[in-house]
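Take a look at the structure set out below.
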Amino acid sequence: MRKTITDIQQMKVRGEPIAMLTAYDAVTAALFDAAGVPMLLVGDSLGDNVLGFGSTIPVTIDDMVRHTAAVARGAQSALIVADMPFLTYATLEMAVVAARRLMQEGGAQAVKLEGGQAMTPIVRRLVECGVPVMGHLGYTPQSAHVFGKVRVQGRSVAAARRLIEDALALESAGAFALVLELVPAPLAAAITERLRIPTIGIGAGPHCDGQVQVSTDMLGLRDDFKPRHARRFADLAPIIRNAAAAYIAAVGERSFPADEHSSRMDETVLREALEGLS
């Protein structure tokens with residue numbers, strides 16, 4: 001049976017850490033689901049981890065719906081949260097339309113959006129419409145052009161206070177959980193203590209209620225990128241390269257396909273089929 005919002009929130013009540021991973025396709029989602037991951041995020045990180053873009057900005061709602069649907073087909077138990085991509089929730093009307101597509105067409109059980117107090121009318125409206133909303137504070141990738149570069153957020157008194165106020169405002173608006181990205185660990189701990197809803201950290205220290213990692217980072221699929229806050233639990237890039245090289249070599253030396261990979265045919269049938277043909 002699929003996990004629910006209540007299941008995730010009860011994990012905070014019990015003090016049980018929440019593990020969340022990004023997923024973008026049915027096969028990977030099924031593997032993560034079988035491992036017992038309680039919550040999967042179909043992130044707009046799809047853009048720079050799957051689609052070859054340099055950021056999340058080019059990702060469209062059509063992209064998100066398509067990949068969310070794939071993940072929903074692959075994972076039968078995990079709660080599926082889908083990112084609302086750049087500028088799809090600039091107004092109340094746009095937000096409702098985007099959320100409807102992600103849930104009706106994509107099969108998500110919840111959506112995630114970035115931003116603080118300015119987003120509370122959007123969060124409140126979506127919740128009123130029956131859409132569970134996860135917030136996202138700290139470094140918000142959709143604002144990459146505003147930030148200029150990836151950096152830790154909330155290090156000054158004013159910035160830290162603003163993050164705390166934003167977190168409380170999102171909870172008050174009805175968010176069921178909150179991602180804290182690139183936030184100093186002590187500040188993330190203070191926010192976590194003040195909220196009734198779960199906090200999910202990424203580069204926010206060990207004291208959040210849960211953690212989320214981009215799956216390509218966690219699996220070691222990229223040699224060119226290793227964020228400081230990420231830990232590689234596998235190193236799949238060389239394994240995949242070596243497998244591809246072995247396949248190329250096997251084809252080149254005609255050791256693949258072998259007899260066991262091929263289908264047989266009655267020689268008489270083939271001979272009769274070829275009769276009269278040039």
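The first residue you see is number 1, and the count goes up from there.
Each Cβ is built from the backbone N, Cα and C atoms, and glycine gets one as well.
What Swiss-Prot lists as active site, proton acceptor is Glu181. Swiss-Prot lists Asp44, Ser45, Asp83, Lys112 with the feature 3-methyl-2-oxobutanoate binding site, giving sequence analysis as the kind of evidence. Swiss-Prot lists Asp44, Asp83, Glu114 with the feature Mg(2+) binding site.
Recorded features from Swiss-Prot, shown on the structure.
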| residue | record | Cβ neighbours (10 Å) |
| --- | --- | --- |
| Asp44 | 3-methyl-2-oxobutanoate binding site | 30 |
| Ser45 | 3-methyl-2-oxobutanoate binding site | 21 |
| Asp83 | 3-methyl-2-oxobutanoate binding site | 29 |
| Lys112 | 3-methyl-2-oxobutanoate binding site | 24 |
| Glu114 | Mg(2+) binding site | 22 |
| Glu181 | active site, proton acceptor | 22 |
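Same-chain residues with CB within 8 A of the center of the Asp44, Asp83, Glu114 CB atoms, the Mg(2+) site residues themselves not counted, are Gly43, Ser45, Thr56, Val59, Met84, Pro85, Phe86, Lys112, Leu113, His136, Pro141, Gln142. Spanning the residues Asp44, Ser45, Asp83, Lys112 that the record associates with binding 3-methyl-2-oxobutanoate, the maximal Cα-Cα distance equals 12 Å.
In the three-state DSSP scheme, Lys112 (3-methyl-2-oxobutanoate binding site) is classed as strand. Cα separation, Asp83 (3-methyl-2-oxobutanoate binding site) to the residue listed as 'active site, proton acceptor', rounded: 15 Å.
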